[in-house]
Amino acid sequence: MAAPESLRPRLCRLVRGEQGYGFHLHGEKGRRGQFIRRVEPGSPAEAAALRAGDRLVEVNGVNVEGETHHQVVQRIKAVEGQTQLLVVDKETDEELCRRQLTCTEEMAHRGLPPAHNPWEPKPDWACSGSLGSDTGQKDVNGPPRELRPRLCHLRRGPQGYGFNLHSDKSRPGQYIRSVDPGSPASHSGLRAQDRLIEVNGQNVEGLRHAEVVARIKAQEDEARLLVVDPETDEHFKRLRVVPTEEHVEGPLPSPVTNGTSPAQLNGGSVCSSRSDLPGSEKDNEDGSTWKRDPFQESGLHLSPTAAEAKEKARATRVNKRAPQMDWNRKREIFSNF
């Protein structure tokens, strides 16, 4: 086994030959990413030091860890006659996972940073061989990883922040499409596939793409972005809690159990999106709430009078009527189609 200080990603530059590049790419069930399955002897891939078992991290400077096999193949074919691949072998991949570092092109030149180095990003993706759980991501070689949002502080460089933001028609929200290697975004811990929750302390989940971009540009030379990776996003959605800066280092919401209201989850706020919440019997669709019975709150359960029973029956019939649609919401729904 190689010493940790000698481990580093490899940047392989391939020039296409008459028979192609000479390597085979495939995905592995249960593991995230694309892997080099075979390298042909005497091929450009072998000359570039590409090896079977390597995991592909970047293609021509773009992180592809969250992309499908087809998308990765198209990126390799996009530049005719040559390609540049950032890869990690199994040992390096495990070391990066153990230290919760994200692989970058800079590491191929400088090696892995010392453990005390301040530019190490905060924990992000779990290792590719990890198993999910309700409260965190359980790594086969270590303790469970807490699923938390990440607060990324970016200072604008000469080339900007170094990330690309996009919206996806198939799902609401704004997503990080790519992060430039060695950029302020990369050093802040921002990653491709992250979903943007807040910009400079303001929730932007309901804003349009142009509005989010304007918020990022509002402060000229810096931005503070609260983001969640796909696993953390799913976890918080299951709990029906909107991630906030408090969840970065503070108490995390607990899984919902019988008799527990989502609003009681360790101070977490309930997700405002109606599509994420099942109907509640205690809340009317028009936003009003049931009046509390002071006797019941004190522990006394009294039988209703005839008048009370009649009033309750009338209220139940009223509440079964279909709610009036908010016209702003209606336009939103239509625009999504």
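Cβ coordinates are placed from backbone N, Cα and C, and glycine is handled just like the others.
Remember, predicted model here, so these are calculated numbers, not experimental data.
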Candidate set Ser128, Ser188, Ser269, annotation phosphoserine, source Swiss-Prot, matching residue: Ser269
Site from Ser130, Ser275 that Swiss-Prot describes as phosphoserine, others unannotated there: Ser130
Swiss-Prot annotation, phosphoserine - which of Ser133, Ser280: Ser280
DSSP-assigned states of the domain 'PDZ 1' (11-91) in counts, ordered helix, strand, coil: 16 helix, 32 strand, 33 coil
All-chain count of other Cβ atoms within 10 Å of Ser186 (phosphoserine): 23
The domain 'PDZ 2' (151-231): DSSP-derived helix, strand, coil residue counts: 17 helix, 36 strand, 28 coil
Densest Cβ neighbourhood among Ser183, Ser254 (modified residues), 10 Å radius: Ser183
Length of the line joining the Cα atoms of Ser186 (phosphoserine) and Ser254 (phosphoserine), in Å: 31
C-alpha spacing of Ser183 (phosphoserine) relative to Ser254 (phosphoserine), in angstrom: 35
